[in-house]
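Residues annotated as domain 'G-protein coupled receptors family 1 profile' in TrEMBL: 41-115. Residues annotated as transmembrane segment in TrEMBL: 25-48, 60-79, 91-115.
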Amino acid sequence: MAWENQNFNSDFIHVGIFNDSPTCIFLFLLVFGIFTVAFMGNTAMVLLICLDNQLHTNMYFLLSQLSLIDLMLICTTVPKMAFNYLSGRKSISLAGCGAQIFLYVSLLGAECFLLRPLCCHLPPIKISWQLLHTFLARLMV
């Protein structure tokens, strides 16, 4: 009978920036500080746009949605990284890694779609109506 390795580990092991050196504690605090500033700034932007009636225009609506997407984007990876560092875990499950990648890529795609109307200074409602009218005009001809 041949002996075979029967160990199976479906987790990804983190071998990277955070180990147990004093430099890593500084890097962790730096990343956590940047996360806190970004979290507070995006939350304040969304709340201010929602609370002020003068900012209820299409452009500010898009800015609030962009801040909300940025808020979700930073909340997909940084809290898991901080939890793993503080708990001493050096791995992430296959499903957790897949979920993080899916959310990250999806939110980046949504952010790109939101940046397009912001760059052109056209509200998306106006764009959709224009596309609908040109589509209906082509159908009539």
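Each residue, glycine too, has its Cβ placed from N, Cα and C.
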Under an 8 Å Cβ to Cβ limit, what residues of the same chain, 6 or more beyond the ends of the transmembrane segment (91-115), are close to it?
10-14, 62, 65-66, 69-70, 72-73, 76-77, 80, 84
Per the Cβ under 8 Å criterion, with at least 6 residues separating them from its ends, the transmembrane segment (60-79) contacts 31-32, 35, 38-39, 42-43, 45-46, 49-50, 100, 103-104, 107-108, 110-111, 114-115, 117-118, 123-124
Could you break down the residues of the domain 'G-protein coupled receptors family 1 profile' (41-115) into DSSP helix, strand and coil, giving a count for each?
66 helix, 3 strand, 6 coil
